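Asks: Pulled from Swiss-Prot, these are the listed features:
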MOD_RES   A2  N-acetylalanine
BINDING   C45, H70, E71, E156  Zn(2+) binding site
BINDING   Y51, E156, R299, Y300  substrate binding site
MOD_RES   S169  phosphoserine
BINDING   I184, D204, R209, V273, G274, M275, V297, F298, R299  NAD(+) binding site
Amino acid sequence: MAAPAKGENLSLVVHGPGDIRLENYPIPELGPNDVLLKMHSVGICGSDVHYWEHGRIGDFVVKKPMVLGHEAAGTVTKVGPMVKHLKPGDRVAIEPGVPREIDEFCKIGRYNLTPSIFFCATPPDDGNLCRFYKHSADFCYKLPDSVTFEEGALIEPLSVGIYACRRGSVSLGNKVLVCGAGPIGIVTLLVAKAMGASQVVVIDLSASRLAKAKEVGADFTIQVAKETPHDIAKKVESVLGSKPEVTIECTGAESSVQTGIYATHSGGTLVVVGMGPEMINLPLVHAAVREVDIKGVFRYCNTWPMAVSMLASKTLNVKPLVTHRFPLEKAVEAFETAKKGLGLKVMIKCDPNDQNP
């Protein structure tokens, strides 16, 4: 493939709260272990929208212009001299977190916890919502012909579901509660079923999102209104016939985490995926006296190979998650759509010559 000419790298850049712009960035120079990618499909994540609206997520503050995007797939156009496993023309999915050093967390395989990690579209690191993007070749995964670019981009949220189910030790025959029917809740549902969960119930405020959960495999759905966490937990137990061994909380809402504690079977596990306020009130004694283990999830690690295999074997289907598509030139409109909650997953197509999935 011919190298891109200078000035062709259209990128979506956040400058601060409420300020995103399409700008031309330089084509990045490769290091010896890097690849240059022609981006194809990039999904909009809630964190992208949050950086646009607020200019920060917790301690991560946008202090200089930053390219957004971290759910991505593209085509290799150039490789660094040390790269042996990829070549120009290869289609790849991008794992956005790359350790900058081999620290204690990397040595035990939990590189997602390394404090100095590079992570796409987390200040100060640029993301990949652009025409051309440089990434570490070791964190680019070749896609089989049977897996589309959009499926490759969806490996990022799918990885959150895989990692959450691993942290919860979801296994054959388990009953599972998923709190939240957004993109992360939906992929968690898909993974839990693929890992052998016998019954999965999904709860959410939105009837339309619960309908999507039912469409893709939820055994039961419960629409939450003004019930107390105790009452919701009783409904969960009623539809399942017993309390779930594993609850995976994907909203971050205080009441939802409380529901997770009340709903989970004694000796079971509550996995907290959703990021809410730093301080929340929890019925901790209720968890302690019933030995409900509470585990956190921060991004993911060691999930891309499994995700590629699951998609290639058609073990699960993530295609229904994509509800809207926009060309890169209309990325601001795409973000408006995502902000309004009009779709489940909004996908941006970065290659002007290929708008296919």
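Glycine residues also receive a Cβ, built from the backbone N, Cα and C atoms like all the rest.
Looking at the shown structure, can you explain where the listed features end up?
Replies: Around the Cβ of E71 (Zn(2+) binding site), the same chain contributes V42, G43, I44, C45, P96, A153, L154, E156, P157, each under 8 angstroms and 6 or more positions distant in sequence.
When Cβ atoms from all protein chains are considered, those within 10 Å of E156 (Zn(2+) binding site) total 27, not counting its own.
Following the DSSP three-state reduction, the secondary structure of S169 (phosphoserine) is coil.
Look at I184 (NAD(+) binding site): DSSP puts it in a helix.
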Asks: Compute the C-alpha separation of Y300 (substrate binding site) from I184 (NAD(+) binding site), stating it in Å without decimals.
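Replies: About 13 Å separate the Cα atoms of these two residues.
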Asks: Going by Cα-Cα distance, which of the binding-site residues (H70, G274, V297) sits nearest to S169 (phosphoserine)?
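Replies: Comparing Cα positions, the closest of these binding-site residues turns out to be V297.
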Asks: For the NAD(+) site as recorded (I184, D204, R209, V273, G274, M275, V297, F298, R299), determine the largest distance between any two Cα atoms, in Å, rounded to the nearest integer.
Replies: 24
Asks: Using the alpha carbons only, what distance in Å do you get between I184 (NAD(+) binding site) and R299 (substrate binding site) once rounded?
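Replies: Cα-Cα distance, I184 (NAD(+) binding site) to R299 (substrate binding site): 11 Å.
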Asks: In sequence order, what residues of the same chain, 6+ apart, have a Cβ less than 8 Å from the Cβ of Y51 (substrate binding site)?
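Replies: In sequence order, the residues whose Cβ lies under 8 Å from that of Y51 (substrate binding site) (at least 6 apart) are V14, I57, V62, M66, L68, A121, P123.
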Asks: May I have the list of same-chain residues other than C45, H70, E71, E156 whose Cβ is within 8 Å of the Cβ centroid of the recorded Zn(2+) site, in sequence order?
Replies: V42, G43, S47, D48, G69, A72, P96, C120, A121, A153, P157
Asks: Any same-chain residues 6+ apart from R209 (NAD(+) binding site) with CB under 8 Å of its CB? Would you list them in sequence order, or say none?
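Replies: Spatial neighbours, sequence-distant, of R209 (NAD(+) binding site): A181, G182, G185, L344.
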